[in-house]
Amino acid sequence: MPCEGCMERDNKSTDPTMEFLLLGFSELLCLRVLLFLIFLIVHLVTLAGNVMIFMAVVMEPSRPPMLFFLCQLSVIELCYTLVIVPKALLSLIVVDGSTISFIGCAAQMHLFVALGGAECFLLVAMSYDRYVAICQPLHYVAVMSEGLCLRLAVACCLGGFAVALGLTVAVFRLPFCQSHRINHFFCDVPAVLQLACTQSYTPELPLLAACVLLLLLPFLLILTSYACIAAALLHVTSSVGRGKAFSTCISHLAITLLHYGCATFIYIRPKSSYSPTRDKMVSLVYTNITPLLYPLIYSLRNKEIRGVLRKMLRRKKIAQLN
């Protein structure tokens, strides 16, 4: 059954000149200043952490594959936060919400999904790196060559951007004949779909396809890699050797669970169960807290990153002394 008002559709319902209103956290008027300060501090610390890891890896002359992938992960997280957080901070300053153009909203959604998708594919590449390192240690250098790492990095970015482009085009071709008020702090896919002038499940099909390509398939590939790793570790007689091998996977596993846990909760569920308040809280963690935790997890758990950071700090001290 068509929705109310669709018989009198506004001809400009999908006009590129129209604007959306991001309501943000308009219901939390008394906490605006506190939230703004928290978001700003978290954003600055996240930027500093990812820039530090990026600079440390770039300055390292010999980069093993895992460091190369970590460098790309830091770049993705930097772009990720810059796409979302500035607009979220603005929504806390403006009392009645901040406006965003049709093109701006589409661009933000595309970049958000593309960077998130590239991260999903990158986590697969990192799990493959751990699989080769543990299951085929003698062939590791030959298999994980610089050329293969570069091709995997490019494929991750292209794959994420291609799927995101298809999803964004499908979403923004829908007629928006309800209010243009988005109850979110950025143009997230479920929040924009709530404005679509239809009660059928057809608009959710592109989102479902994107979830399969960006979430389900990569997660299954990661599970396959770790199943092979677990099978290989069962044949290791030494508990010390088994512990050392598994410890190299801890940081990657932690990030994978964080990334896929939040993304699955937000995107893999029917439109009828959409809750703006709950989604905003989960998105808050997904777009602010997890990018902050990534540098902390890798700097604390990854021996190579710790070594590179120590070298960078040593070089800085020597430069200051000179």
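Cβ coordinates come from backbone N, Cα and C, glycine included.
Keep in mind that TrEMBL annotations are predicted by a computer and have not been checked by a curator.
Annotation source TrEMBL lists transmembrane segment at 33-59 (among others).
Per TrEMBL, the feature domain 'G-protein coupled receptors family 1 profile' maps to 49-298.
Residues or ranges marked as transmembrane segment in TrEMBL: 66-89 (among others). A Cβ distance under 8 Å defines the sequence-distant neighbours of the transmembrane segment (66-89), meaning residues of its chain 6+ beyond its ends; these are 22, 24, 36, 39-40, 43, 46-47, 50-51, 53-54, 57-58, 60, 98, 100, 108, 111-112, 115-116, 118-119, 122, 125-126, 129, 146, 149, 152-153, 156, 185-186, 287-288, 291, 294-295, 298, 302, 304-305, 308.
Long-range contacts of the transmembrane segment (109-128) within the same chain: residues 66, 69, 72-73, 76-77, 79-80, 83-84, 149, 152-153, 155-157, 159-161, 163-165, 167-168, 171-172, 186-189, 192, 210, 213-215, 218-219, 221-222, 225-226, 252, 255-256, 259-260, 263, each at least 6 residues beyond the stretch ends and with a Cβ under 8 Å from a Cβ of the stretch. Look at TrEMBL and you will find 109-128 (among others) tagged as transmembrane segment.
The transmembrane segment annotation in TrEMBL covers 148-172 (among others). Long-range contacts of the transmembrane segment (148-172) within its own chain (CB-CB distance under 8 A, at least 6 residues past either end) are made by residues 14, 65, 68-69, 72, 102, 105-106, 109-122, 124-125, 128, 189, 192-193, 196, 203, 206-207, 209-210, 213-214.
What TrEMBL lists as transmembrane segment is 207-234 (among others). Using a Cβ-Cβ cut-off under 8 Å and counting only residues 6 or more beyond its ends in the same chain, the transmembrane segment (207-234) has close neighbours at 113, 116-117, 120-121, 123-124, 127-128, 130-131, 134-135, 159-160, 163-164, 166-167, 171, 189-190, 193, 242, 245-246, 249, 253, 256, 260, 263-264, 267-268.
According to TrEMBL, the transmembrane segment annotation covers 246-269 (among others).
Feature annotation from TrEMBL assigns transmembrane segment to 281-300 (among others).
Sequence-remote contacts of a segment are chain residues at least 6 beyond its ends whose Cβ falls under 8 Å from one of its Cβ atoms, and for the transmembrane segment (281-300) they are 39, 42-43, 45-46, 49-50, 52-53, 70, 73-74, 77, 80-81, 84-85, 88, 184-186, 188, 251, 254-255, 258-259, 262-263, 265-266, 306, 309.
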